[in-house]
């Protein structure tokens, strides 16, 4: 299937969000569900919608699909979320290779998966905004998000309470039907998903009134999250079992929280190291002073030696961000910025001229500022 077809099947743009994709999938799957739509091509369209969502509804598969331009390519790919999902480059849709293709036509069918095997649910992503300080010190918070959960009425089997799914009468529970075709090479056999059970191997005679036989229902889920001290912008945390419900008794997927850390107006951060600019006067820089410096852990005193030049950096050990795996904190690096006064009164200018004279310097500048300052100084002289 060409790249544009998958998005076209769901009727969404290529830059559609996951919410838009999921909304389109639910609408179309309900529209073409064979139990609700008796049109001859409903089952085929239902399968197309399902196949499209299997790829576009998974962030990693979608990324691989967008890059490779084929649905088969999207079924492999590298595992996402820091190795949480192992993967590789898929061949023939991630199956067993050429032998499966050969057996499909000549009767082997050896590459088909058990349709009744448990399948884990989808993983979800959640972006969490943090202030600079919250990322440094961590916090506990509760988050809410929508997810597909196991139906509380039927327990996930899709059947009306008091009933159970039964083995599909068409495929005998295999999930596939075999067709035979006469060709110049002889009589060939191929397997296709069962049109009755749609590959599940089971029929639901009386559907659950809550979920309509899907076994899932949407819920507003709440979970408490403990954010460790020292997380950084773009990092993510995995919460096992907080994703969406699986199929055939498969477990829930995982939730991946991606942190978005707001910048600080005072500090800059690089990993566990924090950087801060400290203003001092030229008198403090010349004579030295004990300066109060801001850190994320509170104010501290920094001894600035006499003769300190602008751009000099001091290290405050242990005043940086915590290391995620323990072993204390990083450091804060304080860069000195010497501030030159702009508006001097007459006494200050005279003192500086005396200083320049004592230093053997010849200074031609007047040291006077704008007209307002000149008038103010003249008034003070009187």
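The backbone N, Cα and C atoms fix where each Cβ goes, and this holds for glycine too.
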Matching range for Swiss-Prot feature annotation, region 'Disordered', among 64-83, 84-103, 104-123: 104-123
Surrounding CB atoms that lie within 10 Å of the CB of residue 197 (Zn(2+) 2 binding site), all protein chains: 25
Highest-contact recorded stretch vs the repeat 'CXXCXGXG motif' (168-175), from 151-158, 194-201, 208-215, CB pairs under 8 Å: 194-201
Chain-internal residues near residue 211 (Zn(2+) 1 binding site), provided their CB is under 8 angstroms and they sit 6+ positions away: 151, 153, 154, 158, 217
Same-chain residues near the repeat 'CXXCXGXG motif' (151-158), Cβ under 8 Å, at least 6 residues beyond its ends: 164-165, 204, 207-211, 213-217, 245, 249
Predicted model, mean pLDDT over the repeat 'CXXCXGXG motif' (151-158): 91
Residue pair residue 194 (Zn(2+) 2 binding site), residue 208 (Zn(2+) 1 binding site) - Cα distance, angstrom, rounded: 22
